[in-house]
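Colleague: Sharing the record's features from TrEMBL:
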- 30-49: transmembrane segment (TRANSMEM)
- 33-274: domain 'Membrane insertase YidC/Oxa/ALB C-terminal' (DOMAIN)
- 191-210: transmembrane segment (TRANSMEM)
- 235-260: transmembrane segment (TRANSMEM)
- 284-318: region 'Disordered' (REGION)
- 293-308: compositional bias 'Pro residues' (COMPBIAS)
Amino acid sequence: MLDFVYYPVAGILWFWHKVFSLISGSPDNGVVWALSVVFLVFTLKALLFKPFVKQVRTQLVMQKLQPQIKALQKKYSGDRQKLTVEMAKLQKEHNYSPLLGCLPMLVQAPVFIGLYHVLRSFNRTGAASHVPFLSPTEPMSVADNANTANYFFSASDVQSFLDAKLFGAPLSAMISSPAAQLEAFGDVSRISIILVAVPLMIFAAVATHFTSRASIARQVDTGTVNPQTAIMNKLALWVFPVGVIAFGAFAPVAILLYFVSNNCWTLGQQHLVYGRIAAEQKEAESSPTPGVTAPPSPRVAAAPPLPGAKPIRAKRKR
């Protein structure tokens, strides 16, 4: 149903796996597969860089319009239809589009679903997931799973992924993986998965917190933030990071790598974009407005001579 998402995601992951396999000479290495996942995230984030910049600029426009929006809400508190019309006019005057503000989020949602599905499809031996679009609907035997391709990945690639381990933990294994599913990975203990997954969960949660903090810190004036935004800020700072930890117990190790690399990229991207926009605003404020001539500087009168001093007369030209 979502093959138009699954195939591109699988294709990018396949490409990076081939690149790092050629560099290392070991396609079954867990680090090679981990780097493939990380660079898949970096590729997708690079493709979404321009929409992210538009999102930031849209958010800044919205923040600057907050005083005018509050004034309109107060003026037309009893007429919602008139308020809607005036709000649309205000947004049109300032070229504000609500869609641009949430475009990156709308694009990332199916990408995340696609990545989750592709990674889960490397190991289809466990109980079927009841979450739509995320997992195969029918579990397979260990032998059937090892001989079944996964989008662009051949059966040998699937077995390579199952054999690949990051510090002893299979990349598609979860802390909550059932025992039947762990059999597909060979000799793997749940403790080895916990030792890798828990630090990644904590790191991803901390990165989520600081990413949210950096975004909230850029809000123009916290005094003009409406109650709904204030609640969302608190959720982003504290509840979402806790949610990452809670979700981590049910996520493959590769998905935890996704969270870590995604948030690290976002944090650096925020620093770059916000710094560039701040420099543009500073330059715009310091540069003279076109068509406006600066007033001439007033002449400073010469200071009078001190008492008792001989006056200096200007020499006449002959």
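Just so you know, glycine gets a Cβ as well, placed from its N, Cα and C.
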Colleague: Counting only residues 6 or more past its boundaries, what in the same chain has a CB within less than 8 Å of a CB in the transmembrane segment (235-260)?
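Modeller: That would be 33-34, 37-38, 41, 112, 115-116, 119-120, 166, 169-176, 193, 196-198, 200-209, 212-213, 215-216.
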Colleague: Summarise the model's confidence over the domain 'Membrane insertase YidC/Oxa/ALB C-terminal' (33-274) as a mean pLDDT value.
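Modeller: Residues in the domain 'Membrane insertase YidC/Oxa/ALB C-terminal' (33-274) carry a mean pLDDT of 84 in this prediction.
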